[in-house]
Amino acid sequence: MTRPDNDLLLRALLRQPVDTTPVWLMRQAGRYLPEYRATRAHAGSFMDLCRNANFATEVTLQPLSRFPLDAAILFSDILTVPDAMGLELSFAEGEGPRFAKPLREEAEILALTPPPMEKLAYVFEAVTSISRALDNRVPLIGFSGSPFTLACYMIEGGGSDDFRRVKALMYSRPELLHHILDVNARTVTEYLNQQIAHGAQAVMVFDTWGGILTSAAYEAFSLEYMRRIVAGLKREQDGQRIPVVLFTKGGGQWLEGMADTGCDALGLDWTVDPAAARARVGHRVALQGNLDPGVLMGTPAEVAREARRVLDAFGPAPGHVFNLGHGISQYTPHDNVRVLVETVHHYSHVLHANAPA
Ligand code: CP3
């Protein structure tokens with residue numbers, strides 16, 4: 001693994017100076033791109049895309065061919081991990097993810113163990129194939145779900161609007177939830193280390209549902225397990241430092257604790273004020289975010305204005321990666337994505353050039 005030609009992302013995640021703010025978008029490969037929909041139709045289903053390294057490589061590169069993005073993110077899903085644990089994942093057309101065998105009975109929970117990594121070999125093959133195809137143009141980001149967010153899907157059997165089964169378990173048999181989280185944390189650590197070994201140059205943990213918790217429960221059921229992952233990750237590969245990003249959607253009030261895990265960067269959703277976040281975490285970590293994905297539904301002029309506003313709010317200090325505050329919507333007009341990426345590059349270049357030394 002050698003350093004990519006465009007290493008803005010890695011520099012920014014490690015809080016090193018840059019002359020232009022790097023930008024990538026959560027879910028940058030996906031349904032808002034007609035070429036993605038075509039490849040998916042050709043592959044058959046979403047999981048067929050994930051399981052075939054050639055398809056996964058093709059769709060990972062699609063947004064990079066259209067827009068001058070500064071990073072690629074592995075095309076896969078967080079739910080490959082519970083699938084490998086035997087929960088049997090499927091994506092029904094127009095619905096969300098479903099597990100045929102969700103965790104409901106105590107005996108099922110106690111029988112849960114970390115799966116052999118061979119079950120996830122298709123993901124590592126995709127990482128190898130993508131990094132070869134990238135040919136060191138931009139860094140490749142690997143990812144996983146957080147132990148708590150994975151547990152939400154494993155227990156509910158799919159998405160939920162109230163997570164009542166998760167909460168029922170938490171407030172009746174917390175030791176069973178801790179067992180699931182412990183297995184998930186050990187699995188995720190190994191899974192991310194394998195992604196790193198196969199060529200991922202930064203890794204991100206998506207804690208999409210940590211924000212449904214009370215502060216005390218967040219500490220005990222989500223943050224504690226992300227801390228264990230950060231501590232267990234291989235942070236260097238072939239002499240290169242591998243930055244680790246933690247993102248809890250709705251986690252704006254817990255940034256200090258997240259920074260204390262020893263991670264390199266925090267993802268911020270759009271509800272967080274960037275300047276206030278920076279004041280709270282100081283310069284311990286880089287910050288990634290945090291344009292409201294809804295802005296991309298507006299006019300191009302408004303997209304550019306809001307992008308500049310986000311850049312101004314983070315300021316020219318090292319340690320900002322531009323991103324959305326959550327994944328891009330499938331209804332996003334792609335012309336707005338182009339305006340966004342170009343505005344971030346041009347405006348941040350001026351911002352950095354005029355920054356006090
Ligand atoms: O960012 C990227 O481009 C990399 C690919 C990626 C996907 N999912 C592809 C995907 C990543 C990083 C994810 C993470 C993921 N998956 C999360 C965490 C981040 C977040 O958005 O909060 C979660 C919660 C999931 C679970 C998941 N996967 C859901 C709820 C759904 C269905 C709802 C939806 O938005 O489609 C998916 C499917 C999925 N994962 C799609 C893609 C491109 C759409 C599948 C399709 O083609 O229909």
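Just so you know, glycine gets a Cβ as well, placed from its N, Cα and C.
Here's what TrEMBL has on this protein:
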- Arg27, Gln28, Ala29, Gly30, Arg31, Asp77, Tyr153, Thr208, His326: substrate binding site (BINDING)
- 22-31: domain 'Uroporphyrinogen decarboxylase (URO-D)' (DOMAIN)
- 141-157: domain 'Uroporphyrinogen decarboxylase (URO-D)' (DOMAIN)
- Asp77: site 'Transition state stabilizer' (SITE)
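The binding-site residues shown are Arg27, Arg31, Tyr153; of these, the one with its CA atom nearest the CA of Asp77 (site 'Transition state stabilizer') is Arg27. Counting only same-chain residues six or more apart in sequence, the Cβ atoms lying under 8 angstroms from the Cβ of Ala29 (substrate binding site) belong to Tyr36, Val59, Thr60, Gln62, Pro63, Ile73, Phe75. DSSP assigns Tyr153 (substrate binding site) to a helix. In terms of DSSP helix, strand and coil, the domain 'Uroporphyrinogen decarboxylase (URO-D)' (22-31) has 0 helix, 1 strand, 9 coil.
Mean model confidence of the domain 'Uroporphyrinogen decarboxylase (URO-D)' (141-157) amounts to 98 (pLDDT, 0 to 100 scale). DSSP classifies Asp77 (site 'Transition state stabilizer') as coil under the three-state reduction. Under a cutoff of 8 A between CB atoms, and with a sequence separation of 6+ in the same chain, the neighbours of His326 (substrate binding site) are Met26, Lys249, Asp269, Trp270, Pro293. Sequence-distant contacts of Tyr153 (substrate binding site), defined as residues of its own chain at least six apart whose C-beta falls under 8 angstroms from its C-beta, comprise Leu79, Pro82, Pro97, Phe99, Gly145, Gly159. Of all Cα pairs drawn from Arg27, Gln28, Ala29, Gly30, Arg31, Asp77, Tyr153, Thr208, His326, which the record names as binding substrate, the longest spans 22 Å.
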